[in-house]
Amino acid sequence: MAKKRKPPSIKGDPRIHDPHFKGPIVNRSCTDVLCCMIFILFIIAYILLGLVAWVNGDPRRVAYPTDSQGYFCGQKGTPNENKPILFYFNLLSCTSPSVVVNLQCPTRQICVSKCPERFLTYMEIQFRYRKDRNYWTYYSQFCKSAHLKPAKTLTQVLLDDDCPTAIFPSKPYLQRCFPDFSTKNGTLTVGNKTVFEDGSGKTRNAVELRAAANGINKVLDARAIGVKVFEDYATTWYWILIGLTIAMLLSWMFVILLRFTAGFLFWLFTFGVIGIIAYGIWHCYREYSSLQEQPDSHLTVYHIGIQTDISMYFQLKQTWFAFMIILCILEVFIILMLIFLRDRIRISIALLKEGSKAIGYIPTTLIYPVLTFIFLSICISYWAVIAVYLATSGVPIYKVTAPEGQCKYENKTCNPEIFNTTEIAKACPGAQCHFAFYGGKSLYHQYITTFQIFNLFIFLWLINFVIALGQCALAGAFASYYWALKKPDDIPPYPLFTAFGRAIRYHTGSLAFGSLILAVVQMFRLILEYLDKRLKEAQNNISKFLKCCLRCCFWCLEKAVKFLNRNAYVMIAIYGKNFCRSARDAFNLLMRNILKVAVMDRVTDFVLILGKILVAGCIGVLAFLLFTERLPMITEGPTSLNYYWVPLMTVIIGSYLIAHGFFSVYAMCIETIFICFLEDLERNDGSAERPYYMSQSLLKILNEQNAQTKKQ
């Protein structure tokens, strides 16, 4: 009989006052009330922000293109109702540096009913207008006013910005007129021409026009690809649904079979790694031996120095010798770990099996990820809607744009109605006053950026809160299973529903507290990434090094906070204490069993990752054989796919996400059972007064029998 240990005495611990502790505490009180109140106030403020953004924003500004006067193209009830396409007077000016600064092309933009279909210049129209006025009728629809006549000189037209100097064949894309590019014999053409007149006396080619068009839109070729992708989805949508359904069934079967095959899968993976490393050692030795027989085998790293071509180092025998030594050390380390930690590994495998039993007794836990998905979808949708409404709040703001980018007034606000009479127009010939964005000078408009940051922060807080709520509810359900002395008879009814209600009623503040800490860390990471994107060109080697260090530190901090939070939620679900107390208890408990934690965590990760890869890989192989028509004897796949990899990747990624949803429940189950297992070992001694609550399999592995087991 194993030696009995005296359980530690902790003042105020419900486990000590109740020697027959049988599961999560029922009589609880609200925890972290202050944080709960702050969380509720932030949610109310978030709702008010949504209402204010809804009143001031206009999402039509995203759906419809806007001309130089700030009016929508194609909007019903406006003069542009029958003009849904945006037309650029001089698309060649879109190569100006101001496009990058203002995100607007420095040329007039008007709404038209259709794009031009031919090459014409304003000078040609003036010449042909005397013989046939139909030419002007066609050309004038691309002018600011169709009632004008081609009486002005080219210089006057450029100054007044009434008409384009030239038009060329175009097609609508994203409700904008873009050149009709094509390739003939490997040469880029527009309207079957490689060169054309730009209307101001210069000859331009299709390559220049393409560069200008890319200044506005870098995805001109995406239209054809998008249509083909849509066709592929329309052809294979039912096959995709079948594949995802099979992935769900496979995930379910894997969770069930893992109860019986956890040990086999672990040892298969472990010996597979040992075999791969052994092959690596043999390969390094073979390369080392072959290089030693060559005449230049005496060369070392010192002789070749620092080389940018890495393949040079693989021609040195010292390189392969170093690899061989490293792999040998790794191989010996793994083997020694397996030998000395075989009992710990057996415990981890038993926990995997125990997790499968718990999920089998509480099958509703496998449905909970659907509820989490719904909550997350609501949060993401609300955040996206508010972001759009905030971005489209305000009145049209106009700014000065200069084609040459050399005007000192460039990017200054202006009034288009009186712009030609101001000093700016005189000081900067060719400068124009065009619509830039929607904004304003009110207090609300001045803090749009702040509101966007607030929107993002609350979004992160809510996302982490939803995940925390799910972890706490699942932990409460699985803890009810563990602390049932006779399984499954002593498991309380509706354990998941009860745990979810307790988490909402008593521990909203604690969950909000942990979510807040994680949201702050994630916010700092996002700010760091944003600054990196904005200042990428201005960075030197030192700043890049510091950036990498900060990025690594925040990544590690986020992982550590997630780990501590998850274990704190388990303690909250069991004992009902506040977040800080639960996090401290969980941390101390894990530190007292750090070796068991390390082994259990790694074994669990290995098996679960293997399960995800198995599910996604099996479905991916079947989908590949189907979409490439390599299963004719079983079934015929779709024969008219443009890109078979589109539905294939959809099925693989979808299968992985489905498997991840199932195994996230499994991972939380293992985490909870492991915490309860450690608590059971520390608080009980296997006697009749304080029996172990662990299952028979864990008792067998530990070689400890409690008094009740002996009687049975």
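Placed from the backbone N, Cα and C atoms, the Cβ positions cover glycine too.
Annotated in TrEMBL:
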TRANSMEM  33-55  transmembrane segment
TRANSMEM  237-258  transmembrane segment
TRANSMEM  264-282  transmembrane segment
TRANSMEM  320-341  transmembrane segment
TRANSMEM  366-391  transmembrane segment
TRANSMEM  456-484  transmembrane segment
TRANSMEM  504-528  transmembrane segment
TRANSMEM  606-628  transmembrane segment
TRANSMEM  648-678  transmembrane segment
* Asked: Is the number of Cβ-Cβ pairs under 8 Å between the transmembrane segment (33-55) and the transmembrane segment (504-528) three or more, considering only pairs separated by 6 or more positions?
  -> yes
* Against which stretches of its own chain does the transmembrane segment (648-678) lie, if we need a Cβ under 8 Å and a gap of at least six residues from its ends? -> 233, 239-240, 243-244, 247-248, 250-252, 254-255, 258, 351-352, 354-356, 358-359, 365-366, 368-369, 373, 470-471, 474-475, 478-479, 482-483, 566-567, 570-571, 573-574, 586, 589-590, 592-593, 596-597, 600, 604, 608, 611-612, 615-616, 619-620, 623-624, 627, 693-694, 698
* Structure fact -> Taking the transmembrane segment (606-628) as reference, the highest number of CB pairs under 8 angstroms among 264-282, 366-391, 456-484, 504-528 goes to 264-282
* Structure fact -> Long-range CB partners for the transmembrane segment (237-258) (under 8 A, at least six residues beyond its ends), listed in sequence order, are 265, 352-353, 355-356, 359-360, 366, 607, 611, 614-616, 618-619, 622-623, 626-627, 637-638, 647, 650-651, 654-655, 658-659, 661-663, 666
* Which sequence positions outside the transmembrane segment (366-391), separated from its termini by at least 6 residues, show Cβ-Cβ distances below 8 Å to it? -> 49-50, 53-54, 56-59, 62, 252, 255, 359, 438, 448, 451-452, 455-456, 458-459, 462-463, 466-467, 469-470, 473-474, 496, 661-662, 664-665
* **Positions on the same chain near the transmembrane segment (456-484), where near means CB under 8 A and six or more residues out** => 21-24, 39, 42-43, 46, 355, 358, 361-362, 365, 368-369, 371-372, 375-376, 379-380, 382-383, 490-492, 495-496, 498-500, 502-504, 507, 511-512, 514-516, 518-519, 522-523, 526, 565-566, 569-570, 572-574, 665, 668-669, 671-673, 676-677, 680, 693-694
